[in-house]
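Data block below; observations after.
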Amino acid sequence: MNPKIGVIMGSSSDWETMKHACDILDELQVPYEKKVVSAHRTPDLMFEYAEAARGRGIQVIIAGAGGAAHLPGMVAAKTTLPVIGVPVQSRALNGLDSLLSIVQMPGGVPVATVAIGKAGATNAGLLAAQILSITDAELANILDARREMTKQQVLESTGDLV
Ligand SMILES: Nc1c(C(=O)O)ncn1[C@@H]1O[C@H](COP(=O)(O)O)[C@@H](O)[C@H]1O
């Protein structure tokens, strides 16, 4: 199946975080592609990727980067597809640098920013799937069932309080 989600990251060192977005997409059986693309290190490739994405059938881009995390914002500058930014936890500043680099976009060029690190990457995968579910009833049902399962797990977890 052609990929509907593009999962990109600034470095292969981000994979440990970004694989959590891919795990959710695997679980939900949403077709995606994954690729290392860097605004800093491969700017031409980044431009090409962002410009061609919609024409190739990509509907949402998840972009993860750490430190001076310009990738999500620069991709968003070159496409009007929804871009979800994942701040990767940096060593020096614990990801606060990544978060602030991604979240403070100027008006007119939005990036939907999730939390720092693995939980953020998981939510990025879920959010991308939820966007697709606007026009995909089967996926909406799968997401509803997953949400119900999460609720049951929380309700049952009261039993752990011994
Ligand atoms: N923030 C960016 C961009 C970008 O925004 O284009 N490209 C790479 N990086 C980040 O540099 C960090 C260190 O990368 P290395 O581990 O390769 O040195 C990574 O978290 C990556 O996302």
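Cβ coordinates come from backbone N, Cα and C, glycine included.
According to TrEMBL, the feature substrate binding site maps to Ser11, Asp14, Arg41. The annotation domain 'PurE' is assigned in TrEMBL to 3-154.
The binding-site residues in question are Ser11, Asp14, Arg41, and the one with the fewest Cβ neighbours inside 10 Å is Arg41. Within 8 Å of the centroid of the Cβ atoms of Ser11, Asp14, Arg41, where the record puts substrate, the same chain has further Cβ atoms from Met9, Gly10, Ser12, Ser13, Val36, Ser38, Ala65, Gly66. In this model, the domain 'PurE' (3-154) carries an average pLDDT of 98. DSSP assigns Arg41 (substrate binding site) to coil in the three-state reduction, outside any helix or strand. Maximum C-alpha to C-alpha distance over the listed substrate-binding residues Ser11, Asp14, Arg41 is 14 Å.
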